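Student: I'd like to ask you about the structure that follows.
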Amino acid sequence: MKFSLATIALAAAVVASPTNPPTEAGSCNVKGKTGNVTCCNSAIPILGQLLCNVLASGTCNSGQSAYCCDTGGNTGLIVVQAVNCVELL
């Protein structure tokens, strides 16, 4: 039981660890700094803006809006620092 919990915790930590941004991901300029283009779910009022995924496929899914986010060097599957984002028109 302890081994299973340790394995699950380790796997969760590896999945959530920061990674290099995908090579096909767009870059943008926000507040004078280079940022990443991210897609946020606009259908979920608060949580959708806080949990955004880095744009990897070139387009956002339906119900998502494109944002330019200053990730501050923290890139991964989920960008929690959506406070530093500007919506792209």
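Placed from the backbone N, Cα and C atoms, the Cβ positions cover glycine too.
Keep in mind it's a predicted model, so treat the numbers as computed, not measured.
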Student: With the disulphide bonds as Swiss-Prot has them, who is the partner of C28, out of C52, C60, C68?
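Tutor: Swiss-Prot says the disulfide from C28 goes to C68.
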Student: Where C85 (disulfide bond) and N36 (N-linked glycosylation site) are concerned, what is their Cα separation in Å, rounded?
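Tutor: Here the two Cα atoms lie 9 Å apart.
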Student: In angstrom units, rounded to an integer, how far apart are the Cα atoms of C69 (disulfide bond) and N36 (N-linked glycosylation site)?
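Tutor: Roughly 5 Å, rounded to the nearest whole number.
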Student: According to DSSP, does C69 (disulfide bond) sit in a helix, a strand, or coil?
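Tutor: Assignment for C69 (disulfide bond) reads strand.
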Student: Using DSSP and collapsing to three states, where does C40 (disulfide bond) fall: helix, strand or coil?
Tutor: strand
Student: Please report the distance from the Cα of N36 (N-linked glycosylation site) to the Cα of C28 (disulfide bond), rounded to the nearest angstrom.
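Tutor: Pair distance, Cα basis, whole Å: 6 Å.
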